[in-house]
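Checked TrEMBL, it gives:
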type	residues	note
DOMAIN	4-53	domain 'Inner membrane component'
TRANSMEM	20-50	transmembrane segment
TRANSMEM	71-91	transmembrane segment
TRANSMEM	97-114	transmembrane segment
Amino acid sequence: MRTLGNILWHFPFLGFVNAIVVYICGLILTVTVVAAPIGLGLMEFGKFLFAPYSRAMVSRSDLKTDQNGLWQAYSTLIMILYLPLGVLLSLMALVQVVGLLLSLVGIPVALVVAKSIGTYFNPVNKVCVPQAVADEIERRKNQAVIDRHLG
């Protein structure tokens, strides 16, 4: 079913065009070095848009990967500077989701855009992973909440 969703995303809805544009924008921002954290996040988002029904975007902190402290501090600064643009892009994506949900044909695209709102808001330190990895991360978070409440 996910494969069918990915095929429908690419051919009738031209999802590969979105993926290529986002990936190239990320590449350009990464080359500028100053906006590299945003660029790397957009490149990961571009990878997500190539197969949105079989991949997910997760925070790098959820993956428990080590990162250079200086890079983390710089990424946080860039994230704060990106915040107004992120809010604007998220609101635009939300309007797009509502518009797409008004038509039966637009529902598959609306699902992809809805999954992307968090990345539009903040692409810094986001990683594209297979859906199984994202599901396992979510399961472990939920298990921690259950353990905390049940003792």
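Glycine residues also receive a Cβ, built from the backbone N, Cα and C atoms like all the rest.
Annotations in TrEMBL come from automatic prediction, not curation.
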When the domain 'Inner membrane component' (4-53) is classified with DSSP, how many of its residues are helical, how many are strand and how many are coil?
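Output for the domain 'Inner membrane component' (4-53) reads 39 helix, 0 strand, 11 coil.
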Counting only residues 6+ away from its ends, which parts of the chain sit with a Cβ under 8 Å from the transmembrane segment (20-50)?
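Residues 56-57, 71, 74-75, 78-79, 82, 112, 116, 119, 122-128.
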